Amino acid sequence: MSESSVGELPARRPSRQLATHQENLSVDSSCFSSPPVNFLQELPSYRSATRRRTTVLARDKQSSILLKPSDSYSSQREGEITENLNTQSIRKYALNISEKRRLRDIQETQMQYLSEWDQWKRYSSKSWKRFLEKAHEMTDHLELWRKDIRSIEGKFGTGIRSYFSFLRFLVLLNSVIFLIIFTLVLLPVLLTKYKVTNSTFVLIPFNDIDMECTVYPVSSSGLIYFYSYAIDLLSGTGFLEGTSLFYGHYTIDGVKFQNFTYDLPLAYLISTIAYLALSLLWIVKRSVEGFKINLIRSEEHFQSYCNKIFAGWDFCITSHSTASLRHSSLRYELRADLEEERIRQKIAERTSEETIRIYSLRLVLNGLVLAVLSVCFYAIYVATTFSQEHMKKEIDKMVFGENLVISYLPSIVITLANFITPIIFSKIIRYEDYSPGFEVRLTILRCVFMRLATICVLVFTLGSKITSCGDDACELCGYNQKLYPCWETQVGQEMYKLMVFDFIIIMAVTLFVDFPRKLLVTYCSSSKLIQCWGQQEFAIPDNVLGIVYGQTICWIGAFFSPLLPAVATLKFIIIFYVKKLSLLYTCRPSPRQFRASNSNFFFLLVLLIGLCLAVIPLTISMSRIPSSKACGPFTNFNTTWDVIPKMVSTFPSSLQSLVRAITSEAFAVPFFMIICLIMFYFIALAGAHKRVVDQLREQLSLEGRDKRYLIQKLTEAQRDMRSQPL
Amino acid sequence: MGQCLRYQMHWEDLEEYQALTFLTRNEILCIHDTFLKLCPVGKCYKEATLTMEQISSLPALRVNPFRDRICKVFSHNDVFSFEDVLGMASVFSEQACPSLKIEYAFRIYDFNENGFIDEEDLQKIVLRLLDNDDVSEDLMMDLIHHVLRESDLDNDNMLSFSEFEHAMAKSPDFMTSFRIHFWGC
């Protein structure tokens, strides 16, 4: 069935053979399904494709030279060089360096025949490109943790490397968010406080609101216990409460500089909107790459065989152990894919009664999953309520540590739920009879939803407590001012506690579980139980969920606690080093390796889900819950969002009417309809393109068959001609 | 493993190599140092050559299952000059364009060098990837059948260059995995 292996096939490697090879018509009689390769190499299509990729240098140096970069598809007349060639494209030629040098010399002599204007254009574009390259090279040096990530890639492959580059991305994102908040909110306050510039605070003008709403009792106990500082640091109360860490510190209406007054409430709101928009744009920009590839592929599922065979080996692996691991993981993956194919075929052949049974079973099991989720959410609700009610007890009436446990109770319950539910989910999904790949993805999706929804439940519980005052509906101030005189600060404190606890748990798990496990496995190798348990595997999905959880907390909390992104940046930096140490010293790579492309898309998708889930409580608290009247920059406004209408009312009247028109229904409904029409147009266009692609593919395979048939006839005719007596 | 004459690279040469390859200044200098360490005594780096075994034993390549093919594709007359090593590093560098990588990937995977990746080549690729000889016939046939079904558009049981190019353009992992960091500094 294979084609002829003729003694010496004409090796058509044009870049190194200088001579064009003569046709070798040695013919093999045993090929019926595929023609001899040498025949195919004579076809004009093959020759022009090869010429397109590399240069064919004629033996005779004086004759014309055909030159093309490997990606230029413009048609070429022999002996001409297009005007579009410049130095940049020399690199793209598949030639060795001496041939490229010759090519460049030829180009430069050819340049002399161009007009002055073209020469200058070419020269300036070259120097601009060179400048860009040098700038790029210099910024590459500044890339954070470049060497660390490279060494991880060499030892563990690209899947785990993508986790660490994701962590680096989050560090950068958080530092930029902090920069935004710093310049818009903190900087004017700090400049005035430390008398750097000659500016003063503009205090909030006295308004006729009920005096009761503005009472903000500063909690001060007579005796300061020695451990109260530690407790305050961990739970954000006490001495931390009035600092610039929390919202309550910014009880200022503005900052008066020499020429203008800086409107602080507006700046605060705009910084929130800015950091949310920036996060969204940056994540979408990063995920566009992976998404484009997703859109190109038509019907193959994500892990195609071509991808695994041709791009399956990570060429950057340098250590023997990683290489053997890669071999075994490839073996595992390819076998698993074929297995999945077989299962999919089996699923397609299911009878209808089997299908009904499976679907009803799945319905029951999904109901079970929902039940588990609601139990967890209810537990969090109860824990938060309990914690909020008992946190206000006086410090000297409590046993040491009880205060800490009560204030951390929601965090503890959330962490416990996040440990238990993945185990339950992975047990449940075994009965649902999905293909293995889909099982993994669905479990991960459920865990993601579980983890991120717990934060939302916590925030909503807090919100409901803030807006409920016993039986009546909080008419006095709009919120429960007895328990929450400055509710934004208290929400900020909860977010701060969540973040600190998350950090403590990650460190504790690494120090007290991973390292001892490794020590046990190394030194107690006699015990079979311990050997079965084995070393830790670096589980990518769990680790990614952990840091996305931290980032979601940061997004929600940054409004209530402006310094929280800085805390998050520090936390992620420390986690990077801790995880790197843990990876290098305690982990063995798992046989199931995550692919880089799959990972990048998955990480950014989860992060996007986190962002969407973070926006919901923020918008509700900004627009529904009245801002606290005792602290913060929004005491004069009903809700936080009211700053915007007030700002709009200061615009000139034409602009005002424009803004009003854009936000009215008369504009929104037609706009929405036009967007829908445009979307339908593009969907129809994509469908039409797909049909054309399918037709062309079919045509291509028919042409290929014709070609083989004709070549077969030709070889038979030649054979007959040869065998005829002369 | 002797030391070449400590021939410092001229600035013009460095600029020229930067213009002709995708490598950065640091990468070129690091490769220069590595080359000097390996090349024989008494020769200047521009004339010295390295054997394929020496290149195959570089840390970047020594565990690569395709290292013999890489050496074959990038060497001239079975030896490596300094510029050959630079050319190889340029193709495998991070900044290289996809079309160049696809071109050389095709040459590397074409074991019998007939201009097509046929079933024989695919068999060899799979054996190299799985690194054991007891791959069952069924598994092999299945894999080859799936690869050809996905990428062989004209149904001739071989992959021509354009079919390979088309498949690699759709492959999300190709650019990230077809990279080698030669410089160890």
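Even glycines carry a Cβ here, placed using N, Cα and C.
The region 'Disordered' annotation in TrEMBL covers A:1-22.
Per TrEMBL, transmembrane segment is recorded for A:169-191 (among others). Within the chain, the transmembrane segment (A:169-191) has long-range Cβ neighbours (under 8 A, six or more residues past its boundaries) at 144, 197, 199, 244, 250, 252, 255, 262, 264, 267-268, 270-271, 274-275, 278-279, 282, 286, 547, 551, 554, 558, 562-563, 565-566, 568-569, 572-573, 576.
Sequence-distant contacts of the transmembrane segment (A:266-284) (same chain, at least 6 residues past either end, Cβ-Cβ under 8 Å): 173, 176-177, 180-181, 184-185, 188, 250, 555, 558-559, 562, 565, 604, 607-608, 611, 615, 618, 622, 633-634, 640-641, 643-644, 647. Marked as transmembrane segment by TrEMBL: A:266-284 (among others).
Annotation source TrEMBL lists transmembrane segment at A:363-384 (among others).
Annotation comment: TrEMBL describes A:404-425 (among others) as transmembrane segment.
For the domain 'TMC' (A:486-597), the number of residues in each DSSP class (helix H, G, I; strand E, B; coil) is 89 helix, 4 strand, 19 coil. Annotation source TrEMBL lists domain 'TMC' at A:486-597.
Sequence-distant contacts of the transmembrane segment (A:495-513) (same chain, six or more residues past either end, CB-CB distance under 8 Å): 234-236, 245, 407-408, 410-412, 414-415, 455, 458, 536, 546, 549-550, 553-554, 556-557, 560-561, 564, 567-568, 571, 574-575, 578-579, 582. Under the heading transmembrane segment, TrEMBL lists A:495-513 (among others).
Here the transmembrane segment (A:555-578) has Cβ contacts under 8 Å with residues 145, 164, 167-168, 170-171, 174-175, 177-178, 181, 185-186, 236, 244-247, 250, 271-272, 275-276, 279, 455, 459, 488-489, 491-493, 495-496, 498-499, 503, 506-507, 510, 547, 610-611, 614-615, 617-618, 621-622 of the same chain, all six or more residues outside its ends. According to TrEMBL, the transmembrane segment annotation covers A:555-578 (among others).
Among the features that TrEMBL reports, transmembrane segment is placed at A:599-620 (among others).
Nonlocal intrachain contacts for the transmembrane segment (A:667-688), taken as residues 6+ away from its ends with a CB within less than 8 angstroms of a stretch CB, comprise 661. Annotated transmembrane segment per TrEMBL: A:667-688 (among others), in sequence order.
Counting only same-chain residues 6+ beyond the ends of the transmembrane segment (A:404-425), those with a CB under 8 A from a CB of the stretch are 231, 234-235, 237, 369, 372-373, 376, 379-380, 383-384, 386-387, 390-391, 443, 446-447, 450-451, 454-455, 458, 494, 497-498, 501-502, 505, 542, 549.
For the domain 'TMC' (A:486-597), the model's average pLDDT works out to 84.
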